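Enquirer: Structure in structure tokens, see below.
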């Protein structure tokens, strides 16, 4: 839809002029946000196709938004009567269908995003008016939903969001998490993020998210995730998006490489359409990422950060370390015109160090630059001979 993920807030609460005007011009008088429910039809939703695209992307886990801040659940929740995908709109349990397809057709871990608060829920608004001294909303809605999705769908990632400016004690986050990690059906495999109440973000949790589109560019001491969007401006599908609004595959590879070098994971968001499709531009980006990982995955999967995250001499070179092989991976995003790549960080050992370009057979020639640094002669390749198009990996073995 035009106003996408934050439509309800911008239109009804903030009354932003472009949103109000758009709704007046394109929908009948008296049209309410609830009237969007039946228009969410998902007639083209094919969970098997989604699973195949996700698999082709090279991703290791997927997180589906089970409920956002407007409260509509994508499963037939007992606690969201007549405002869920089974009662209204698709008349299907979209969470169950995708979970089944992902588990049957891929090796991806299945995760669920869940918003703690709901913008316009009267129980939440009442609690907020009482400065969160009352807890009607979490006890009757938010917490029961969380227990419901974990018990029913056994997600291995719980991606919590939307604290509503309330503390974790209001949400009873510690109580829920204690159950999740000790008694729930996923207690041995589940991973959680850091959004469980005011002040918990970037401080508590299995992995930190710190902010949306978080990419610090340096090593963090705790596992973290860069959750970002392929559409630069939105988490949802926008009918009015222009091609320039989408990150290119070059942009995305750069994001991935920077993130992994600094100890993070990349969560790349796409917004499906109201009729249940993954738009072709998103599918192309996902498949391109998969093609890149098909060649360079050894520098991403199962790696740890190296002592240097990026190179000190040449820009856009990022390092990872493969502990099993004892190998340093240098991923460079620009192929030098001279054919010579200078790296300031590696300390090479004469007659021992080996340099290989992933996807090319022959070892490469190199020259050490004193104590630290190495110049590598890249092979002269035609565009067809290049292992991939958007960033290349050098494997360095036997270096100090």
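Heads up, the Cβ atoms here are built off N, Cα and C, so glycines get one too.
Bear in mind that TrEMBL entries carry predicted annotations, made automatically and left uncurated.
According to TrEMBL, the domain 'Glycoside hydrolase family 29 N-terminal' annotation covers 8-297. What TrEMBL records for 227 is site 'May be important for catalysis'. TrEMBL lists 309-397 with the feature domain 'Alpha-L-fucosidase C-terminal'.
For each feature listed, report its degree of burial, its nearest neighbours and the pertinent distances within the displayed model.
Expert: Across all of the domain 'Glycoside hydrolase family 29 N-terminal' (8-297), the predicted model scores a mean pLDDT of 97.
The Cβ of residue 227 (site 'May be important for catalysis') lies under 8 Å from the Cβ of 209, 212, 213, 214, 267, 269, each of these being in the same chain and 6 or more residues away along the sequence.
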Enquirer: DSSP on the domain 'Alpha-L-fucosidase C-terminal' (309-397): how many residues come out helix, how many strand, how many coil?
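Expert: Split by secondary structure, the domain 'Alpha-L-fucosidase C-terminal' (309-397) comes out as 0 helix, 36 strand, 53 coil.
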